[in-house]
Structure formats: C-alpha cells, structure tokens
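Taken from TrEMBL, the feature active site, proton donor applies to 61. Among the features that TrEMBL reports, substrate binding site is placed at 123. The domain 'NADP-dependent oxidoreductase' annotation in TrEMBL covers 21-300. For 90, the entry in TrEMBL reads site 'Lowers pKa of active site Tyr'.
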C-alpha cells in the first residue's frame with residue numbers, strides 16, 4: 001500500500017485535515033555537516049516513496065536540514081508536491097520568550113526549505129535557560145519564569161502571519177491544557193504526548209477531545225531502547241499484543257499503531273528501516289474487535305519510557321500525569 005490517499009485523515013478543530021499516521025523523526029542521528037547525508041535523509045526519502053505524507057519534526061532533534069533536503073529532492077523528482085505534505089515542527093524550551101517564537105519558527109522553515117508549516121507545537125510546558133539542555137547538579141533542567149501562556153499568544157501570531165496553518169501543544173497535562181484554553185484566541189489542535197497501551201492517558205484524552213483537541217501519540221511502540229524507566233518492560237514483547245498480532249498475521253508494531261488509529265489518536269512511529277516503515281504503514285486492511293481494544297486498554301500501567309526532569313522551580317509540578 002503506497003498511496004497516501006489510503007491513509008485515514010482526521011479533522012482539526014479549525015477544519016484542517018491531517019493524516020492520522022506519520023513518521024516520527026526523533027532519535028535519528030543529528031545533522032553534523034551540511035554536506036553529509038544522514039540517517040534521517042534516507043529515512044524521509046524512503047518514507048515518501050512508501051506513501052508517508054506526514055512528518056513530525058522538531059528543532060531540538062537537530063536534523064531538520066536533512067529532512068528538508070530529502071523533501072526538496074522528492075519534490076524535484078515529481079514524486080510529491082509541497083501541498084501534499086503535512087509537516088510538523090516544535091518550539092524548544094529555551095525559546096519560550098514571545099520575542100523568540102517567530103524567529104525560531106522561521107529558522108525551522110529555513111532549515112526545512114519551506115515557506116510555511118502545517119503544524120507548530122510548544123514542545124514542553126516549561127521554559128529553560130538559553131542553553132538548550134542546561135541542567136543543575138541533580139540533572140534537572142534549569143528553568144526560567146517565562147510563562148507558556150505568553151508563549152501561546154506568540155504562537156497565535158505565527159498563525160496570523162501565515163507561518164503555520166495550525167498550532168498545538170506537547171507534553172501538557174490536564175491542568176496545563178485548561179490554562180491554555182482559558183487564554184487562547186486560537187485553540188490548540190493537538191496535544192502530543194507519550195502514548196501506548198502501557199500509558200493510555202485516557203483522562204487526558206477525554207479532556208482534550210471534549211475541548212476539540214486531538215491527541216498525538218509519540219513513542220507508540222513503547223520506546224523499547226529506553227527501558228531504564230520501565231523496570232525492563234518492553235512493550236513490543238508483551239504476550240497480549242503478540243497473540244492479537246498472530247491472529248491478524250500482523251507484526252506487534254502494526255497492532256500498536258492500529259490501536260491508536262482505532263482510538264482516533266494521531267500516531268507517529270519512528271523507523272529508518274524501509275522494511276519497517278512499509279510494515280508500519282500497512283495497517284488499513286484489518287480492524288480489531290472491541291474486546292481486543294479493551295484488552296489492550298487494560299494493559300495500562302501509567303508507565304513512562306520518556307521522563308523529563310523539570311526545571312528547578314517546577315520540580316513539584318507534574319507534566320502530563322493523570323491526576
């Protein structure tokens with residue numbers, strides 16, 4: 001299945017359509033020299049050939065230049081047009097000052113070789129010092145008093161300036177979502193959070209969806225290489241998932257991706273392997289039963305593979321935890 005027309009689309013609260021399945025670009029090798037081709041360059045090219053049209057990027061991933069090169073090449077080849085693509089990027093924590101938001105978005109556009117983004121997110125609900133990963137002696141990000149509410153107003157200006165079609169949030173908990181909604185002139189269209197059967201976040205999902213905000217699931221396969229926070233539990237090895245996969249003659253990863261599709265959650269699995277990319281994209285020819293979906297939901301343990309140590313002045317402030 002290699003046609004993007006076969007991918008289910010979701011509708012944002014502003015009417016914009018977006019593919020429910022995209023390619024994540026986190027944890028790929030960063031750009032080092034502009035002359036060098038990187039892992040993500042090849043990954044994006046193969047993904048476009050397979051049929052992916054939604055690409056989830058971020059300034060912090062330090063690979064937007066290679067992604068832009070791959071996109072430009074495929075456009076030049078006539079494989080795709082810009083308007084057929086759906087490109088997301090994110091504002092990192094050290095650029096939350098309102099004066100920095102537009103400049104940072106424009107920098108991502110320059111790296112990606114684009115005139116506009118389809119979606120721009122606040123990456124985390126915390127502002128840090130200028131150094132992007134500055135930490136204290138206890139490994140906590142060093143924070144500032146900049147409010148993400150002020151950041152959001154600057155994000156809205158980016159929509160009004162035509163730099164991005166939509167804006168959203170990432171890693172926001174229920175309280176933080178509600179705070180944004182109280183001041184927003186333009187509502188977030190998505191909240192991107194870690195999400196999988198071990199971490200279903202159903203309360204957060206309910207609150208977001210009741211306010212017209214869709215969830216996007218990152219780490220949908222359980223981030224198997226980051227199991228230091230999980231007590232060694234690897235989601236892709238879960239027997240319940242394997243049993244369902246065997247029934248449908250699918251991979252465990254395909255079951256986890258289809259799980260999110262049937263929940264109405266946007267899902268962005270990451271793979272640089274063309275074979276895996278194709279498998280992850282081939283989730284449209286089966287549907288799990290309600291009983292199977294309920295069984296997957298029952299695996300929830302509120303288990304996080306991705307932990308973020310907050311800024312010092314927010315050390316007691318939970319991120320996307322359920323209350």
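Yeah, the Cβs are placed from backbone N, Cα and C, and that goes for glycine too.
No curator has checked TrEMBL annotations; they are predicted automatically.
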Within 10 Å of each Cβ, count the other Cβ atoms and name the one among the recorded positions 90, 123 with the highest count.
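The residue with the most neighbouring Cβ atoms within 10 Å is 90.
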What average pLDDT does the predicted model assign to the domain 'NADP-dependent oxidoreductase' (21-300)?
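That region's mean pLDDT is 92.
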How many Å separate the Cα atoms of residue 123 (substrate binding site) and residue 90 (site 'Lowers pKa of active site Tyr')?
5
How many whole Å apart are the CA atoms of residue 90 (site 'Lowers pKa of active site Tyr') and the residue listed as 'active site, proton donor'?
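Distance (Cα to Cα, whole Å): 10 Å.
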